[in-house]
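K.L.:
Checked TrEMBL, it gives:
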DOMAIN    1-385  domain 'Major facilitator superfamily (MFS) profile'
TRANSMEM  33-53  transmembrane segment
TRANSMEM  60-80  transmembrane segment
TRANSMEM  86-107  transmembrane segment
TRANSMEM  119-139  transmembrane segment
TRANSMEM  232-253  transmembrane segment
TRANSMEM  294-312  transmembrane segment
TRANSMEM  318-341  transmembrane segment
TRANSMEM  362-382  transmembrane segment
Amino acid sequence: PCSDGYIYDRSKWESTVVTEWDLVCHREWLAKVIQPMFMLGVLLGALIFGYLSDRVGRRLILWSTSIGKFLFGIAVAFTFDYYSFMVTRFLLAMAASGYLVVVFVYVTELIGMKFRTWASIQMHSFFAVGVMAVPLTGYLVRTWWLYQIVLSTVTVPFVLCCWMLPETPFWLLSEERYEDAQKVIDTMAKWNRASSCKLSELLSLDLKGPAGSNPSEVKKHNLLDLFCDWNIALRTLTIWLIWFTGSLGFYSFSLNSVNLGDMYYKPRIMTGAVELPAYMFVCIGMDKVGRRNILIFSLITSALICGAIMVIPEDYHVWGMVAAMAGKFAIGAAFGLIYLYTAELYPTMVRSLAVGSGSMMCRVGSIMAPFCVYLTSIWISMPQV
């Protein structure tokens, strides 16, 4: 049949990447590597921009990645062939990943202790809303390049306003830029109608000393600092393993849910909607029983649900959907919590690097997730195994 040319069913979509460049028959494998290559870009972006934000500051990286998301997002829509599409989308993935890692650290460092945990966890709720918005946009816009432009324009308001954000006092203190940190704290106190604190008195600092005037002399840290002794190394390896397994489960549940029945858009919207109560569960639970207990409970529950999905008959679509959503709830809770847990386990000077390296391991899992879903052609329960 491939030798006779191609006629595409356009009842669902007017134009897709597959129909644009005939990614069928002997070129079908090119379509299957699109998502793994995107996740590879996410992996590199998390590590690179996480490291850079510890070196040059959170604010600069937030602004640059926001601009990158907009420019590369628009550029993807105007690519002229498959390979330029892949390269541009790879760069888009790097920018988007770097933004996600750094914005989480930024919120964690800027919000006061009273609301820090809730703000950090509920930030993932906006991610969930974005997950729901993507299939909704796909339902309304059936041409891939126009769909890409619509999604990219949502970054414009933040690009225009990002310059107004201050640097975090924690990062400024880690760089021994005490005077700049004091200015930020004074501004925060003014807007909150509270009395400001004097860092020189609170931390016994000499703001005019040589360290405060020569931030370039502050020691720079790298990935090896996450393995500086056996205890820290064991902690890092454990965190990486949780990031990897959490991501593999998170994306496997998300991708596998669309294979349940003939529905396409509804399962994708539901995978985002189920994350909202999951994050609320984390916020309430972690203050009651602690981060570690909630994390253990969520990971074990998701593993048990994977086992339950294996025994659900293939034609029981409703039960399969219910199990998939329950699994997404459990793994979503773990996935949201591990960001905060990682940020709290490491000091300011390597915090973005720690979250970025964890996100790097997370993307290894997300790269593998699409291939795990493809294993359903061998055995329907293979992804759960």
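Don't overthink the numbers, they just go from 1 along the chain as shown.
Including glycine, each Cβ sits where the backbone N, Cα and C put it.
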K.L.:
Would the transmembrane segment (318-341) and the transmembrane segment (119-139) count as touching if the test is at least 3 Cβ pairs under 8 Å, pairs 6 or more apart?
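P.N.:
Result for the transmembrane segment (318-341) with the transmembrane segment (119-139) is yes.
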K.L.:
Residues sitting near the transmembrane segment (294-312): Cβ under 8 Å, six or more positions beyond its termini, same chain?
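P.N.:
Result: 242, 245-246, 249, 253, 282, 285-286, 319-320, 323-324, 326-327, 330-331, 333-334, 337-338, 341, 381, 384-385.
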K.L.:
Residue list, the transmembrane segment (86-107) vs rest of chain: Cβ under 8 Å, 6 or more residues beyond ends.
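P.N.:
Long-range Cβ neighbours of the transmembrane segment (86-107): 34, 37-46, 48-50, 52-53, 58-59, 61-62, 65-66, 68-69, 72-73, 75-76, 79, 119-120, 123, 127, 165, 168, 339, 343, 351-352, 355-356, 359, 363.
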K.L.:
Need one number: mean pLDDT over the domain 'Major facilitator superfamily (MFS) profile' (1-385).
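P.N.:
Across the domain 'Major facilitator superfamily (MFS) profile' (1-385), the average pLDDT comes out at 80.
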